[in-house]
Structure formats: structure tokens, C-alpha cells
Amino acid sequence: MAEASVKPTPVLKDELDIVIPTIRSLDFLEMWRPFFQPYHLIIVQDGDPSKTIKVPDGFDYELYNRNDINRILGPKASCISFKDSACRCFGYMVSKKKYIFTIDDDCFVAKNPSGKEINALEQHIKNLLSPSTPLFFNTLYDPYRDGADFVRGYPFSLREGVHTAVSHGLWLNIPDYDAPTQLVKPLERNSRYVDAVLTIPKGTLFPMCGMNLAFDRELIGPAMYFGLMGDGQPIGRYDDMWAGWCVKVICDHLGYGVKTGLPYIWHSKASNPFVNLKKEYNGIFWQEEAIPFFQSVMLPKECTTVQQCYIELSKQVKEKLGKVDPYFNKLAEAMVTWIEAWDELNSAEGSTGKLPAKGAAM
């Protein structure tokens with residue numbers, strides 16, 4: 001007698017939103033259907049709000065365009081970038097879930113060396129639900145994975161680890177390079193699949209890529225602001241970098257961990273390096289000032305919440321980086337506006353601005 005086929009309930013089905021920024025129809029979701037369909041999608045439409053974005057049937061989703069952002073946030077909508085994938089952070093703000101996974105619409109399902117399709121979301125969830133070890137490096141990388149443990153000499157007092165706030169995934173095929181590297185290595189492709197997850201040590205910054213990223217929204221969400229980029233701004237393509245630097249400093253201060261490594265996605269196409277160079281030009285110079293700033297920033301003990309840390313960080317950005325370029329004064333003010341909007345939208349009485357879902361699971 002054949003047994004009834006019962007599909008297991010997807011992990012965190014009701015606790016995780018998938019946030020996707022886009023300017024085009026989301027046909028790429030078809031290949032992700034086996035992995036994404038059980039989850040709720042928040043789609044943030046960039047650019048022309050009159051353009052129709054088509055979403056494949058069967059997905060449960062909300063779709064927000066610029067008109068929606070302006071209506072929901074009012075004057076505070078100025079903190080959300082326009083004509084830049086940084087607009088995705090609006091999706092983080094309106095979500096009511098504990099976890100967020102965000103992916104770009106040119107990222108496809110990758111395969112591991114044995115040819116099996118990689119469920120990137122499942123791996124991110126594993127990363128987020130297991131502790132991190134930022135205070136002491138384990139030479140077998142993540143000690144909580146099957147087949148691994150803490151090595152000899154690892155302090156027993158630190159083996160409990162800390163909460164994981166961020167899971168940073170990687171990419172096969174098109175590497176996440178800046179424009180100068182793209183120009184000198186136009187044919188380079190990443191085919192190296194490294195079967196490893198590791199915790200980024202405390203006190204160490206990293207270049208965060210937003211195309212394959214998950215995080216604990218309750219732990220670190222208010223710091224996941226992708227800055228002021230794109231239309232009307234003197235810089236682009238540093239949105240995820242900025243968020244990563246801010247997040248890492250705050251995670252270090254509050255005692256949270258950041259993991260990087262698995263899962264991989266397949267990055268399908270390279271953006272134009274000449275267009276990228278125009279967007280990155282200022283950032284290439286400014287990062288030489290911004291990174292030392294973040295390496296030396298100190299947050300006072302009185303800052304015990306993410307919001308308090310972020311407001312304090314904004315003050316230091318204005319004081320220290322405002323001397324580099326007036327843009328950083330504007331960015332510091334936008335950081336404060338972002339926190340005000342986050343708190344307003346996520347307070348018990350301020351959570352009514354959300355749109356009803358425009359799609360339903362079949």
C-alpha cells in the first residue's frame with residue numbers, strides 16, 4: 001500500500017519574508033519556485049511606478065512602487081533611494097517578519113559540484129539559526145555544521161557562541177567586482193565552490209553584497225539601511241557596502257555574529273563596467289576615508305539598542321566624514337530619518353500603512 005505523500009512544512013514559513021528589488025518582470029522566480037513558493041514575497045519596484053511588473057502565478061506577494069513609498073512614508077520617503085537597488089530596504093521596513101532574505105532578479109539557482117540544485121534559502125536559514133563565533137576563530141570554520149566541531153585549544157567558555165544576525169551568501173559565474181576590476185578582468189568567472197561557512201571575527205569589516213543576503217530583522221533590521229544612492233546622489237553601488245560597515249560595527253558592539261560563505265547563487269549577468277565606474281567613481285576615493293572611520297568608530301556603552309547605536313553612528317558620520325564631502329552630512333541626516341520612519345512604521349500604533357497583498361499563493 002502506497003504511503004500518502006506529505007510535504008514537510010518549510011522552515012520559518014511564517015517568520016520570513018523574501019525581499020526583491022526590480023525594474024522588470026520577475027520571470028526568474030520560475031526557477032526558484034520549488035524553494036520560494038511557500039514564502040511571502042515583498043517586491044520593491046524601482047524606477048517608473050507606472051510600469052507593470054509581472055509576477056508568475058502562484059506566489060504570495062506584495063508589490064510596492066515609488067508612489068506607495070511616498071504615500072506610506074510621506075516626507076520621510078526622502079531616505080529611500082530612487083533608481084537604485086538600495087530601494088530594497090523599504091521592504092525590510094514594511095516587513096513584519098523576524099527574518100529577511102533578499103536576492104537580486106538576475107540571480108539564478110546554482111548547482112553544487114555534484115550537480116544538485118542549491119536551495120540558497122534553506123542554507124541561509126541554517127546559518128541564521130545556528131550560533132556565530134566572532135570572539136575566537138575556529139580553524140574548522142563553522143563548528144556547528146555536521147561533521148565539524150571546535151578544535152583543540154578552543155576555549156570552552158566561548159563554545160556556546162552568540163546569536164547570528166547576518167548570513168552573507170556568495171555567487172558563482174559573474175563575480176561581485178568593482179568597475180576597475182571588471183575592466184581589467186572582463187572575462188573572469190568564478191567557478192570555485194568552497195564548501196564552508198565562517199564567522200567574520202569581531203573587529204573585522206567586510207564588503208557586504210546585497211544580492212544574496214539574509215538577516216535577523218529583529219536583531220539588526222534598523223541598521224540594514226542601504227543609504228542614499230542612485231538618482232540625485234553623487235554615488236551608487238555602495239549601498240550594500242555602507243549597510244555592511246554599519247551593521248558589522250553595531251553587531252560587534254551588541255555582541256552579535258555575522259557569517260559568510262554558503263550558500264551560492266548563480267549570478268547571471270555582468271553590469272556595464274563603464275556605467276558602474278561612473279556610479280562608483282566617488283566611492284572609490286571615499287572608501288579610503290570611510291573604512292578607517294568604521295575601523296576606529298567607538299559606540300558608548302549607553303547604546304544598548306540598534307536604534308541607539310545607529311543614531312550615534314549617524315552623529316559620528318556627520319562629524320568625521322562630513323569633512324570628506326558634504327554628501328556625508330546629507331547621508332547622516334537620512335540615517336536619522338530612516339530610524340524615525342522605521343520606528344514610526346513598526347510601532348504598535350504605526351503599523352497600518354502596509355498595503356494589502358496584490359498576489360496570492362495558488
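Glycine is no exception: its Cβ is also placed from the backbone N, Cα and C atoms.
Where the annotation comes from TrEMBL, it is an automatic prediction and has not been curated.
Within the same chain, no residue at least 6 positions away in sequence has its Cβ under 8 Å from that of ARG152 (N-linked glycosylation site). Residues or ranges marked as N-linked glycosylation site by TrEMBL: ARG152.
The annotation site 'Required for activity' is assigned in TrEMBL to ARG152 (among others).
The site 'Required for activity' annotation in TrEMBL covers ARG159 (among others). Sequence-distant contacts of ARG159 (site 'Required for activity'), defined by Cβ-Cβ distance under 8 angstroms and a gap of at least six in the same chain, are PRO143, PHE150.
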